[in-house]
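The feature ATP binding site is assigned by TrEMBL to 69. Residues or ranges marked as domain 'Protein kinase' in TrEMBL: 40-337.
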């Protein structure tokens with residue numbers, strides 16, 4: 001049985017602080033009260049979960065449909081708040097047809113930044129996601145599979161050119177419209193790509209954990225505790241999604257990371273000892289050596305309805321050794337993508353994403369201030385600088 005979604009109840013705002021030149025409405029969605037600009041006429045609740053509630057609405061100014069995500073008590077957990085800030089900054093920086101875009105944010109209805117609790121993000125509205133399509137009765141042709149995969153790769157080329165790893169690609173994070181347009185969402189786990197100087201400087205290497213990417217789409221190098229993983233992790237996830245599109249079921253549905261690695265080697269083959277040099281942990285190398293050396297069924301037999309070009313691309317995406325995995329640029333030029341590939345229409349990002357805001361100690365009130373500033377970029381006329389309740393000022397950041 002599908003989970004019940006919150007009901008909606010409307011009333012007009014009466015208690016908005018005078019300094020906000022904003023007319024707004026209230027929406028009661030279950031236990032959550034939305035306070036939003038009255039330019040948005042609400043349609044329905046489209047999703048509800050641990051992250052909050054998402055509703056669809058009509059933007060009466062632009063005559064377009066939007067999704068409004070409310071994250072209640074967003075600053076209760078500093079890690080979650082940092083993830084929200086990162087995602088807002090990333091989505092503002094990444095402007096691409098295949099990446100969901102932020103179009104507005106709601107100003108906090110509070111006098112002091114300390115009282116800023118709920119974050120509202122307005123984005124383009126998509127009709128469904130790839131997970132729902134895969135597990136629906138909708139027929140999927142090879143052309144569908146090809147077009148969805150192409151759009152993921154096209155977005156990844158742009159994302160990676162901004163020195164960003166998505167790190168959480170999975171069907172539910174791929175939003176889709178009825179015309180098959182696809183957009184990647186949920187950049188809360190994204191991280192920067194290290195350049196050569198950072199790789200040499202131990203102090204600048206981030207501690208990358210294996211607890212990223214939903215397990216079934218997680219690259220082997222993440223599970224094997226290789227802390228310097230890179231762009232190939234997103235290619236692996238895309239390969240898992242391609243296999244899932246073909247089979248209409250998860251390709252590596254592991255119960256835990258040991259089962260996951262067993263599944264991977266049983267379907268793709270065990271790596272020879274000489275190819276384990278990318279595994280930096282001796283314990284992980286010993287584990288890989290002890291895995292059974294079972295006979296592997298060829299991918300062409302595992303996916304008998306897929307054309308040879310598709311099987312070849314899948315094989316190159318799902319190379320266990322990350323340096324042997326096909327790159328995004330190579331995948332776009334692969335024969336399976338020949339029908340769709342146009343290099344002039346596969347842009348790169350104009351500038352790398354700046355992660356320097358994460359160098360600052362981001363405690364709760366500082367996170368409130370930084371997200372308030374992000375809202376101010378969308379609402380400069382109705383959102384003055386946020387004072388702290390104790391009268392102190394936020395720290396100044398050296399240029």
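Just so it is clear, glycine is given a Cβ too, placed from its N, Cα and C backbone atoms.
It should be emphasised that the depicted structure is a prediction, and the values quoted were computed from it without experimental measurement.
For residue 69 (ATP binding site), the count of additional Cβ atoms within 10 Å of its Cβ stands at 19 [all protein chains shown]. Restricting the average to the domain 'Protein kinase' (40-337) gives a pLDDT of 90.
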